[in-house]
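Below is one structure, written out as structure tokens; comments come after it.
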Amino acid sequence: MTGAVCPGSFDPVTLGHVDVFERAAAQFDEVVVAILVNPAKKGMFDLDERIAMIEESTAHLPNLRVEAGQGLVVDFVKAQGMNAIVKGLRTGTDFEYELQMAQMNKHIAGVDTFFVATAPRYSFVSSSLAKEVAMLGGDVSELLPEPVNRRLRERTK
């Protein structure tokens, strides 16, 4: 059985993230979406809300589960009994940053990283941008899963 971890803060999860999850779920027997908590950062949505939003948005993926973690991604990956990370790439800048992280993860723990090119229709989408546009009254419904869009609209009223 092969498994992979899709790590991130997912504050909130976007359709771009879900696209990466779906593609990972098609390639691996098991996918764990790891919501990594940084205690120094205050997100718009708390951990329980993020877990619920991802679970609702990925209910159609039976081989995917959502877990919370903190610390090094590779420690989380190993604790899950896995040795692969899947990351979505939107731009060349993403690649430069993620390549360094992938090389470090391989060096310190033998964990491989698989990159998935984001679907072009989501290449500009980020959680931060979606939140900013929503807070200014813009429509981000085409960028977010419906359960997320609903919660974001409620939060930014």
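From the backbone N, Cα and C atoms, a Cβ is placed for every residue, glycine too.
Database features (Swiss-Prot):
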type	residues	note
BINDING	Ser9, Lys41, Val73, Lys87	substrate binding site
BINDING	Ser9, Phe10, His17, Gly88, Leu89, Arg90, Glu98, Tyr122, Ser123, Phe124, Val125, Ser126, Ser127, Ser128	ATP binding site
SITE	His17	site 'Transition state stabilizer'
**Report entry** Residue among binding-site residues His17, Lys41, Lys87 with least C-beta crowding, 10 angstrom cut-off
**Finding:** Lys41
Report summary line: Once DSSP output is merged into helix, strand and coil, Val125 (ATP binding site) belongs to coil
Report task. Find, for the listed binding-site residues Ser9, Ser123, Ser127, the residue with the lowest Cβ contact count at a 10 Å cut-off, counting only other Cβ atoms. Result -> Ser123
Requested in this report: Find the shortest Cα-Cα separation between Ser123 (ATP binding site) and the binding-site residues Ser9, Lys41, Val73, and name the residue that gives it.
Outcome: Ser9
Requested in this report: Work out the three-state DSSP category of Ser9 (substrate binding site).
Outcome: coil
**Report entry** For Leu89 (ATP binding site), nearby residues of its own chain (Cβ under 8 Å, 6 or more apart in sequence)
**Finding:** Phe95, Glu98, Phe115, Val116, Ala117, Thr118
Report summary line: Checking the binding-site residues Ser9, Val73, Lys87 against Ser127 (ATP binding site) with a 10 Å Cα-Cα cut-off, in sequence order, leaves Ser9
